[in-house]
Amino acid sequence: MEDEEIEKAVIAYLKKKGFKQTEIAFHEEHLQQKQQQPQQSKPSSTSTATSTDPDLAKQLLSFSSSSSETENRPVRYLEGYSKLRSWTYSSLDLYKHELLRMLYPVFIHCFMDLVAKGHTQGARTFFNNFREDHEMMHLRDLQKLEGILSPSHLEEMEFAHSLRQSKVNIKICQYAYELLLQYLHKTQSITMLGIINEHINFQVSPGQPSTISDDAEAVTLVGSGQDIAKQINEKEIHWGLLEDSLEDRLEKAGGLILDAEKAEGETKDGDLDEGKKRPIDGGKQGPSIKKLKKDKVVGTTGKNIRSETNIVSMAPRVKAELTLPVMPMETEQSILEDLRNRVQLNSLALPSVCFYTFINTHNGLNCSSISRDGSLLAGGFSDSSLKVWDMTKLGQQADISSTQGESEAAPNQSLVSDEGKRSYTLFQGHAGPVYSATFSPIGDFILSSSSDSTVRLWSRKLNANLVCYKGHNYPVWDVQFSPVGHYFASASHDRTARVWSMDRIQPLRIMAGHLSDVDCVRWHANCNYIATGSSDKTVRLWDVQSGECVRIFIGHRSMILSLAMSPDGRYMASGDEDGSIMMWDLSSGRCVTPLMGHSSCVWTLDFSGEGSLLASGSADCMVKLWDVTSTAKAPKADEKVGSTNRLRSLKTLPTKSTPVYTVQFSRRNLLFAAGVLSKTS
């Protein structure tokens, strides 16, 4: 009877676990043993049976009974997973990251098994107890699975159905695999063993385990990501502006400028001779009428303007950690002139917008960049070329002025000359698609990054490549000049950001810590920090001098595609793949408020000169303007109300069918934008 009981127990277990081939093989082997057994003597068979069968019978019967109990007791799943999780976290650091890889598939299959067996409440308890472990890397999947409330949902949801039908491949070294088997054998974790057998395919490799840096999920799971972020965010940072910056000098000279303007205004009425010397086209009345209108606007919004200009002026001053380049006197005077003539923007005074549209690119345009004065436009293409248009020359050739909005005719006239001559400067040198381009603050140099893992420096005066910077191991997604020039930062698929100077071919600093691609990079206004956005759904702030991470910003639900720093250096905006924008306070590391409105990837962000407005461009073919002052000062009570986000969106500027690649405020606060016409119909 013992043999029959054992046979039944084994068959019952194999049927429950769905091991059909094993069941057939077991039947065949059992039949062969029966055919051979009659020829043997009964005493010897019974003696061997008694010496081995009782232990085997116990194990198999307990195996079978425990599996049947598991189906009726959801607590077994909770206890089994909890013990496995504790054992994994307490294992040796050398093997921990490999063992951690199995926790997520075991977790989701435990949850789905409980739902499939009708234990909805137990499944919900299990899910809520352990979901925090996996939120950082698998938030989207968890949000989908959270809606499963019955066995029918498992069948109806394609995502859940595909998970249950497929196996997860996990790489693990031989010793870590043996450690896992030993644990499962000692603890008799039948439930966990069944799930691992059914849903995980271990790819066992001999030798040492893989390095932890190769496994993004493991890095996230080692320790608590939230705890690490809290520790890092306690570090002190100095978010103010540089001492003796151009803004500083302009503010010190501000009183003199205002006095000069007042004196000019008082003497203007009596100074008729000066008016006679002006061109006849404009007349004497035209400019005076314009000035009167301007004075009225300034009078009505004067309070707002003062408060907003103080945002930058009230920022603390800090010393530069980098050796800053000496700016030529002519360039300095030109920038100061632009700053003096800057239009003050606020919620009542929105900027003028100039939109450049690329046409006939044949899906070859990967990126675009606009110089600070808006006169130069660069495009990076899939054929490894970089093209630069001088909009001032194009305007002269086509005899048209800058157009606001979009026009199908205007781009044709301005971007392509009638005689078929090249209306752009072509830069060739990369060996792969160009993914990013950036102008130096003055516009005399251009940097480009490519899939060939290099960054190249180009001279506009010589129309030639000056330097090829090699250091990254994979495609370089983004490159950005610092606000003072000379220094630049790059972001790559190799999960690092690097800081460079124009005069050295090797990087000055390597920022490593992201768990996936670093997709975008931006400099802080004082050049002491850089911010990086990654596919790991986090933004990090790095100290340029030490190379250390000083802030981790957690909150996005998808990869970060764009970043922008406020002019006073206190706030940062980040845009992601889902279309959401988040405003962060750098000093606290907390999100001030999310800005919802875009329906697709936010590819570009930029603050206005005084920091009162934020412009965003998206793949949804829209440019949006946001009121930063009300957003930053919003009371906590209002942050919970969803409708307040709509109030903070000041204006939406839709294009015909042009995803927006770039938005850029000039120093005078004119907003430039660029994109490529996409005819979907």
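Placement of Cβ uses the backbone N, Cα and C atoms for every residue, glycine included.
These features come from TrEMBL:
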- 27-53: region 'Disordered' (REGION)
- 33-52: compositional bias 'Low complexity' (COMPBIAS)
- 72-200: domain 'TFIID subunit TAF5 NTD2' (DOMAIN)
- 263-281: compositional bias 'Basic and acidic residues' (COMPBIAS)
- 263-289: region 'Disordered' (REGION)
- 358-391: repeat 'WD' (REPEAT)
- 427-459: repeat 'WD' (REPEAT)
- 469-510: repeat 'WD' (REPEAT)
- 511-552: repeat 'WD' (REPEAT)
- 553-594: repeat 'WD' (REPEAT)
- 595-636: repeat 'WD' (REPEAT)
Per DSSP, what is the helix/strand/coil residue tally across the repeat 'WD' (469-510)?
0 helix, 22 strand, 20 coil
So what's near the repeat 'WD' (469-510) in sequence-distant terms, Cβ-Cβ under 8 Å and 6+ beyond its ends?
213, 322, 324-325, 327, 432, 435-442, 445, 447-457, 516-523, 525, 527, 530, 532, 534, 542, 544, 547
Which residues, given as numbers and ranges, are at least 6 beyond the ends of the repeat 'WD' (427-459) yet have a Cβ under 8 Å from it?
331, 335, 366-373, 375-376, 378-388, 465-470, 472-481, 483-485, 488, 490, 492, 500, 502
Could you pull the average pLDDT for the repeat 'WD' (427-459)?
94
Looking only at the repeat 'WD' (553-594), what are its DSSP counts of helix, strand and coil residues?
0 helix, 24 strand, 18 coil
Residues in the domain 'TFIID subunit TAF5 NTD2' (72-200) grouped by DSSP into helix, strand and remaining coil:
102 helix, 7 strand, 20 coil
